[in-house]
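These notes concern the structure reproduced below.
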Amino acid sequence: MNEQQRLASQQANASTKKEEKDYSKYFEHVYQPPSLKDAKKRGKEQVKIERDFGLPEEFRNFGKGRKFYIRTYGCQMNEHDTEVMAGIFTTLGYEPTFTTEDADVILLNTCAIRENAENKVFGELGHLKPLKQKNPDLLIGVCGCMSQEESVVNKIMQKHQHVDMVFGTHNIHRLPYILKDAMFSKATVVEVWSKEGDVIENLPKVRRGDIKAWVNIMYGCDKFCTYCIVPYTRGKERSRRPEDIIKEVRHLAANGYKEITLLGQNVNAYGKDFDDLEYGLGDLMDELRKIDIARIRFTTSHPRDFDDHLIEVLGKGGNLVEHIHLPVQSGSTDMLKIMARKYTREQYLELVRKIKKTIPNVVLTTDIIVGFPNETDEQFEETLSLYREVEFDSAFTFIYSPREGTPAAKMKDNIPMEVKKERLQRLNELVNEFSAKKNKKYEGQIVEVLVDGESKNNPDVLAGYTRTNKLVNFVAPKSVIGQLVKVKITEAKTWSLNGELVEEPIEVK
């Protein structure tokens, strides 16, 4: 234990019970709860790009001899944020651990998209309380999207006083300072920025594996769908400069990565916030496809921003894969209007027709919400009919979950839960039917598979994914992990494929 840690331990043990504190004043000055009116007024002039992340000398060996544990909930953006926080911890001298019992710092990187996700976090905080009682020096933190909600932070203050720090999505780069404050503070350290932070380049990362990598290309969302909390928790759209993205992808390719996924809450709005150049996702993809890396994906896209130039570029193929995740949410134009999706059923179908014409072998997947306020049986049937017409390969399906502060949360939630569950069951039956039918076509085909590693269910079986994001299980030597191989599909299941290795690793050119 170093001197800073020893002093922190003395202070923590001197008063294990945290002083009660009024946080309402804090929120009046720093945090504003979700406001559609205020959020739509936000400009882009405050966002700056910082390219030199560095740590002052005071943080050298700050975490030496200590371990960190991060549990991640939610989307790929949260997964990537966890990689950044792990990179910062490592730079501070901390070591990772895979058990909470062995950790000196525990962070829960949270998701606010649905109530169920929040309930899981509060449940986990309850489970961590005995650890804190056993070891008062343990630091417990809550970060991510839930932390951007005032009601959530107030609940943590009132019911989970063993939490040492709370910070949001805009100030991850300040983790060293937050850790230091938490180590020396008797009260919970709360640092939540209601306004977006700068775009910080060159943040350290500890990537999960060396085969696939996430690459953030933009942050935030300006679409303001009535049900969605993301524009409030993640802020306005801010795009990274193309030269920084291209540099990062080239670096990943040089280090042997085979696949990258470009990330953004609304990834195909990339570049719309630039005021000094006309440059969009299609232009970026056209540059990236020239880099020597096997596969490039992106997620998640909004139909409203899926333009013809992007479709044209994706049609060039090469390392641009034939899989597009295109959330529709509902097949009813009336429902889409209430959701503020800003497109109609026919406009979505026309977009699908354009994509299929340019990329005939494309695989489309989607997101769908059932039980949105005022959804009628007829409108739900329109969703089922759209699914059949598009012939999606799979879908993420959800029962509507009200999010405090969003316009939809003020609507009367007038669909009985039993009706919501019945609709979800019917939709999932259709999803399963089409997934099984689509996968059946792969039987007898030879496909390219990027091998991720051992199957989760059987260590003697390897698992990987096709260009169209199909899970393939097959028997092969462990030496092919991380490689591209040819596999003949012998059996199709609803959500996966079984096959046989027919060729040694493919050389990527």
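Any Cβ shown, glycine's included, is placed from N, Cα and C.
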Candidate from Cys143, Cys145 that Swiss-Prot assigns to the same [4Fe-4S] cluster 1 site as Cys75, Cys111: Cys145
Chain-mates of Cys221, Cys225, Cys228 with C-beta within 8 Å of site centroid, [4Fe-4S] cluster 2: Lys223, Phe224, Tyr227, Ile229, Val230, Pro231, Gln265, Asn266
Set of same-chain residues at least 6 away whose C-beta sits under 8 angstroms from Cys228 ([4Fe-4S] cluster 2 binding site): Ile113, Cys221, Arg403, Thr406
Within the domain 'TRAM' (440-503), residues counted as helix, strand or coil by DSSP: 4 helix, 34 strand, 26 coil
